[in-house]
């Protein structure tokens, strides 16, 4: 086992604080409308330019192991805030730095660290309650656009695009961000259910100019099995031909004789058919077939539940207004499914999302909800260079997370004002701890709540104390707009922060800061001295004389 380096008390805390400050100072320059960029060097390719706090934090690794421990713990604050709300990483880092700095001063002055932590926790619980009172619902497109604009660093086109996307696919809909091919940002909305499976044979194509298949008011056969024998399909094909409508077959696979016969029938115009593979694999495929069945009012023909293809009638088939199939995708538009049944299915999947443990499962279930509930929107980010594209895409993703958080828990006045109002309300209510040390902890937390506003002002090149005092003297959503350098009603000016983002930033900052204040000892590996490690193998050189043994 490697030897350890151990530091105690003040020695440990000073080292840890130095690491915290290096990381936080690098992150906090990005805060606010006039925050600066940070350039990250990559071992390959061009450097990345970012204004995203968590991206800066993730790059920092310090040489001194004790300082690095401090930096890594604050990095955790940014990561947790990012995971919970998708934004507010810089605010969380600034809050953590302030609580740790003030808290360690109090510890050095002889306060009890455990009581300080309890005081900080009391103040944070009270602040979260105050934030909930200050929160207003974010329901209309204008508010959503404003939140997106602020989060995307005052880029109003991004805010507008996100608001349009949410309007089209609903607040629960799936919105993805992709790299576009032009200079302008674009919004692409796919209505109806789309899945990533294309036609099984190009001979089904009936729109040669677009290379796609379009079926108007088709019947939809859903089969959870491979279809290779055409005989089991005959009753259904005859019934569909009599009805004079096209047929879409979605099955595990259609192959051999069955596929060949379907192609011949289509080319001769006897019955208009198209076949695609069912989306997904294994259990997920079964679930997605069931989703399509709910959407189109059909039944999944599965031998597991005793249904056979030969006995399938028109009643078992789903229907939709229109289906469009190309090489890679199938879109079912306006399924005839019962609205109540679709909502029931959506509620069932939402329950699964709550129970899911892995992010991948949650994402896939969320996609299924969107496909059933409204559709999918794709924001294509445009930029002149690859470096700008990466930076912009990260900003748009942040803005999207922020708007989702705003829809979930509402919004508060931005620019650090909400935390100042929460702190003022706690002071006015006269929150007290069980002893004097806890009271100091409460003061530490309340002072830290001013730090985001102060940092925004510093980054804008103004005097922090003057502006902080002016904002404190006001009430409600009165604050300072660092972008236009004027005071006023932040909500009226469209400067909003999602309540969830502000709340998460404060809670995670206080959680990690509390642990660091109560640290008394730090242990790390001593650097190993590898210089003598290779010396032992040198004595084998004499073996060369063994050639004469033959």
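Just so you know, glycine gets a Cβ as well, placed from its N, Cα and C.
Quick caveat, the model's predicted, so the values are computed rather than measured.
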Additional site residue, 334, 338, 497 [criterion: listed by Swiss-Prot with 30, 31, 32, 33, 51, 87, 88, 89, 90, 91, 415 for ATP]: 497
Site extent for ATP (largest Cα pair distance over 30, 31, 32, 33, 51, 87, 88, 89, 90, 91, 415, 497, Å): 17
Residue 88 (ATP binding site): secondary structure state under DSSP, collapsed to three categories: coil
Spatial neighbours, same chain, of residue 51 (ATP binding site) - Cβ under 8 Å, 6+ residues apart: 30, 35, 36, 37, 38, 153, 391, 395
Number of other Cβ atoms within 10 Å of the Cβ of residue 88 (ATP binding site) across all protein chains: 32
The one of 30, 90 whose CB sees the fewest other CB atoms within 10 Å, among these binding-site residues: 30
